[in-house]
Amino acid sequence: MGRLYWLPLLAPLLLLRPPGVQSAGPIRAFVVPHSHMDVGWVYTVQESMQAYAANVYTSVVEELARGQQRRFIAVEQEFFRLWWGGVASDQQKHQVHQLLEEGRLEFVIGGQVMHDEAVTHLDDQILQLTEGHGFLYETFGIRPQFSWHVDPFGASATTPTLFALAGFNAHLSSRIDYDLKAAMQEARGLQFVWRGSPSLSEQEEIFTHIMDQYSYCTPSHIPFSNRSGFYWNGVAIFPKPPPDGVYPNMSEPVTPANINLYAEALVANVKQRAAWFRTPHVLWPWGCDKQFFNASVQFANMNPLLDHINSHAAKLGVSVQYATLGDYFRALHTLNITWRVRDHHDFLPYSTEPFQAWTGFYTSRSALKGLARRASALLYAGESMFTHYMWPAPCGHLDPTWALQQLQQLRWAVSEVQHHDAITGTESPKVRDMYVMHLASGMLGVRKLMASIILDKLQPQAPMAASSGAGPAGHFASVYNPLAWTVTTIVTLTVGFPGVHVTDEAGHPVPSQIQNSTETPSVYDLLILTTIPGLSYRHYSIRPTAGAQEGTQEPAATVATTLQFGRRLRRRTSHVGRHLVPVANDCYTVLLDQDTNLMHSIWERQSNQTVRVTQEFLEYHVNGDVKQGPISDNYLFTPGKAAVPAWEAVEMEIVAGQLVTEIRQYFYRNMTARNYTYAIRSRLTHVPQGHDGELLCHRIEQEYQAGPLELNREAVLRTSTNLNSQQVIYSDNNGYQMQRRPYVSYVNNSIARNYYPMVQSAFMEDGKSRLVLLSERAHGISSQGNGQVEVMLHRRLWNNFDWDLGYNLTLNDTSIVHPVLWLLLGSWSLTTALRQRSAMALQHRPVVLFGDLAGTAPKLPGPQQQEAVTLPPNLHLQILSIPGWRYSSNHTEHAQNLRKGNRGEVQADLHRVLLRLHHLYEVGEDPVLSQPVTVNLEAVLQALGSVVAVEERSLTGTWDVSMLHRWSWRTGSGRRRGDTTSPSRPPGGPIITVHPKEIRTFFIHFQQQ
């Protein structure tokens, strides 16, 4: 059944299959030396630098300089940047410049890391790519043009669009489903032109090469030796290199006695691969994980081997050459043959065998996934706040150099954690701790920066005390909205007193509510309704009622009341729905069943539709003993049977207030358990008149608690409805575009192979209604029954597989996690209009900076006095920042500066502002919001000053788009992209039009004060 599922995808491959190799003469093998250097995974970055990574660059640079024919490709930038900044000598730096100029050293991808494709958000992919590209362009004046995405666990359809927007000419991937790869090899369909975005189509297509079954590693088995082949430097040793230079498993040296045997092995492998591709050009990767730490011994053995093969090329039918990835793709492009087109479908999920579905990592280390996204959101807010502080003119005494350092530290950390063994949760515990430490340190620095900016603005008023804790005068909260839309939402603060007055900048009372904390009995949750224009602040004074000034008539925050329901056993009968309790706002009525303490149904006012909705927690019990069968681990999800309920009893309480009503459900493993393992806290907001609360009203906010789990359990939240969904769900690729996910029955492992990543949103629907889930971290998601959607929240695993144990890659995660989902229910038209903006509102919630009042509340500028930055509802401010790059936007001028060798004398440019705009909607998705949108950047950015110049750039900022000419590849579709990445546009003007799904990048220059 698995093979049959792929027949529709294989049909165009079979039709295009040529009768044979399309060229006479020998096969031409491009030997591409490389080292796969994971930024983390088993060892920390510093451990890897000490053991092998620094030696890779030191020895490769030395060896490339010794032979004109030698080549090497470098991929992730983190190790190279550490080597460049802390290890490389002046001579080695000069050699690198020379090798790059000669094309013998080539940077591919060029990002800080090789990011994961399944569980990363597009914004963070762009960030880490921009980080690496900015360094490479600033340092060398080069711009990577090819990708080498060989190790992410599955391929997203967002990736071809991302790399096309970055200016790449070709894309290389590897890990796709095993049975699909086998079929594509058979059909010689591993190369195609990928149009990943249905809206952008050929405008942002890219030629794509899928590696064959050998992937990125050199075939290590050679028939004449019991050692691995072609790895003459052996295997890296930790914690540091051996003093005698002898490593484990070093391949037998090439000698006159065995050179024919080596040549036969290499040629046989090249010919095997040639049969899987349409041209006689064969890419032969030479390398693997942690290779080339001794490039001398590598090239010393490969050089005579390649010379031997070439001297017998006519007889062997193969010629070989050292090559970069660019050399290979240029040779392919020169052939100018016709390639098939692949549409916007992705290559997820990824399986390597029938019982090895790599769908567990969609959820592994949920806490790290959540932290990574929170760090990204904080960085996003800090970038725009600092930019707005600097423009139109700095208003205080903040040191811009220090400020930029705080942002750069978090940029590095957020980029680092996008690695395909980081945010995936597939790293060892000590490496997880490294990522957490880097993120936490970076977040602390940016919070200090944001607090400093606030204090700079408040300095004349001096309302905050330096001490911590609740002072007698109360608290002061500054709330910053990083989105370029006006946002109405609830912010939640923790206070130590049960009665409070909340006032705004002008001293006016603010709608607020006080209630018992969900976490700590001794404190209280204070909920404040706030409306904040784009890139603006609100300031609130919070004082205990006992400390209010005498004689004032300020209304206090309303106090919520709690209605408790006794513990109910899990019912095994269908007699439910007889005693329902309604909880309502102006958009929804949630009906709760008193007999079960579970949700029963939701009525949506606008469509006047009621949908049965029940939620519960289940667990998959999985095997950890390899002797007993397939196992689950950090990567794999391998359930032996269906999930079972993880609770026997549930308590419920309703906390009802004038502003917010919360439904709290606590799930216990048995009737007498003292502590609950799972919880759902659902919130409906009652938006007062006079506030635009469309988004706030039309969502049910849910926070869950899961854990600690028992060993070898995988916890899911299952939402069951009466929607006739046909077991079809939709989940997103990287928060950018949606993929239809029909349930597929396989011979084996159907549960796991029908799990998909949800990075930001998912939904299911029937002809009348749609239920949308929005998330603030990645999860695995599936529909295991009609009208059902289940979200995997947490995993705790241990197994005795030697490989996992040897690398400490078991997942004995005893943490308690608190993921958040927002639910939207309504018609297709309603949810289409709200889904994208609501997802952004969840990802980029207002940032609250909290301090103690030292005296009377200050009078500060309210939103009416601030100049907001506002975009239309279908256009998202993807970034507004001051990158601080030290290069000229003029490529010729920058190249001249590099040749003069004065890069170190150039100061960080604090005047250039990076702006990126993202159209959120697909073509035809909404009759209004899917239209192209025209904006005047002078008007949009007037709060920052007078715009004097607008430069449109490539996605990562390194190309002037007027100078960017990507390769065009011949296709059989009848449509052909021109040689530019976008339609012709008027150059440099402030009035721009952004089309559906476009992401456009600009450098903005303001009039200096």
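Glycine too: its Cβ is placed from the backbone N, Cα and C atoms.
Positions annotated as signal peptide by Swiss-Prot: 1-23.
Under the heading Zn(2+) binding site, Swiss-Prot lists His36, Asp38, Asp151, His420, citing similarity to another entry as support. With a cut-off of 8 Å between CB atoms and residues at least 6 apart in sequence, the same chain places Asp38, Val113, Met114, His115, Asp116, Glu117, Asp151, Pro152, Phe153, Thr426 near His420 (Zn(2+) binding site), listed in sequence order. DSSP assigns His420 (Zn(2+) binding site) to coil in the three-state reduction, outside any helix or strand.
As annotated by Swiss-Prot, active site, nucleophile applies to Asp151. Counting Cβ atoms from all protein chains shown, Asp151 (Zn(2+) binding site) has 20 others lying within 10 Å of its own Cβ.
The N-linked glycosylation site annotation in Swiss-Prot covers Asn226 (among others). Here the Cβ of Asn226 (N-linked glycosylation site) has 8 other Cβ atoms within 10 Å, regardless of which shown protein chain they belong to.
Look at Swiss-Prot and you will find Asn249 (among others) tagged as N-linked glycosylation site. Non-local contacts of Asn249 (N-linked glycosylation site) by the CB criterion (under 8 A, 6+ apart in sequence, same chain) comprise Arg227, Ser228, Tyr231, Gly234, Val235. According to its DSSP assignment, Asn249 (N-linked glycosylation site) is coil.
Within the same chain, residues at least six positions away from Asn294 (N-linked glycosylation site) with a Cβ under 8 Å of its Cβ are Asn55, Ser59, Asn233, Gly245, Tyr247. Residues annotated as N-linked glycosylation site in Swiss-Prot, with sequence analysis given as evidence: Asn294 (among others).
Following the DSSP three-state reduction, the secondary structure of Asn336 (N-linked glycosylation site) is coil. For Asn336 (N-linked glycosylation site), applying a Cβ distance below 8 Å and a minimum sequence separation of six or more within one chain yields Arg970. The feature N-linked glycosylation site is assigned by Swiss-Prot to Asn336 (among others), with sequence analysis given as support.
In the three-state DSSP assignment, the secondary structure recorded for Asn516 (N-linked glycosylation site) is strand. The N-linked glycosylation site annotation in Swiss-Prot covers Asn516 (among others).
Positions annotated as N-linked glycosylation site by Swiss-Prot, on the basis of sequence analysis: Asn608 (among others). Under DSSP, Asn608 (N-linked glycosylation site) is assigned to coil, being neither helix nor strand in the three-state scheme.
Taken from Swiss-Prot, the feature N-linked glycosylation site applies to Asn670 (among others), supported by sequence analysis. Counting every protein chain shown, 9 other Cβ atoms lie within 10 Å of the Cβ of Asn670 (N-linked glycosylation site).
The Cβ of Asn675 (N-linked glycosylation site) has Tyr668 as same-chain neighbours under 8 Å, each 6 or more residues away in sequence. Positions annotated as N-linked glycosylation site by Swiss-Prot, on the basis of sequence analysis: Asn675 (among others).
Marked as N-linked glycosylation site by Swiss-Prot on the basis of sequence analysis: Asn748 (among others). Under DSSP, Asn748 (N-linked glycosylation site) is assigned to coil, being neither helix nor strand in the three-state scheme.
Annotated N-linked glycosylation site per Swiss-Prot: Asn808 (among others), in sequence order, evidence recorded as sequence analysis. Applying an 8 A CB threshold to same-chain residues 6+ apart, the list for Asn808 (N-linked glycosylation site) reads Val42, Ser428, Pro429, Lys430. The secondary structure of Asn808 (N-linked glycosylation site), as reduced to three states from DSSP, is coil rather than helix or strand.
Sequence-distant neighbours of Asn812 (N-linked glycosylation site) (same chain, six or more apart, CB under 8 Å from its CB) are Leu711, Arg796, Leu797, Trp798, listed in sequence order. Feature annotation from Swiss-Prot assigns N-linked glycosylation site to Asn812 (among others).
For the recorded site, Asn890 (N-linked glycosylation site), the DSSP three-state label reads coil. The Cβ of Asn890 (N-linked glycosylation site) lies under 8 Å from the Cβ of no residue that is in the same chain and 6 or more residues away along the sequence. Per Swiss-Prot, N-linked glycosylation site is recorded for Asn890 (among others), and the stated evidence type is sequence analysis.
Residues annotated as region 'Disordered' in Swiss-Prot: 972-992.
A coil conformation is recorded for Asn226 (N-linked glycosylation site) in the three-state DSSP classification, outside any helix or strand. What surrounds the Zn(2+) site, by Cβ distance within 8 Å of the Cβ centroid and not counting His36, Asp38, Asp151, His420, is the set Met37, Trp41, Met114, Val150, Pro152, Asp289, His419, Asp421 from the same chain. Comparing local CB density within 10 A for the glycosylation sites Asn608, Asn748, the maximum falls on Asn748.
The Cβ of His36 (Zn(2+) binding site) lies under 8 Å from the Cβ of Val75, Val150, Asp151, Tyr216, Cys217, Gly287, Cys288, Asp289, Lys290, Gln291, each of these being in the same chain and 6 or more residues away along the sequence. Taking the recorded positions Asp38, Asn516 in turn and counting surrounding C-beta atoms within 10 angstroms, the largest count is reached at Asp38. DSSP classifies Asp151 (Zn(2+) binding site) as coil under the three-state reduction. Taking Asn226, Asn608, Asn748 as the glycosylation sites under consideration, the smallest Cα distance to Asn670 (N-linked glycosylation site) is found for Asn748. Ranked by CA distance from Asn226 (N-linked glycosylation site), the glycosylation sites Asn516, Asn608, Asn748 have Asn748 at the top as the closest.
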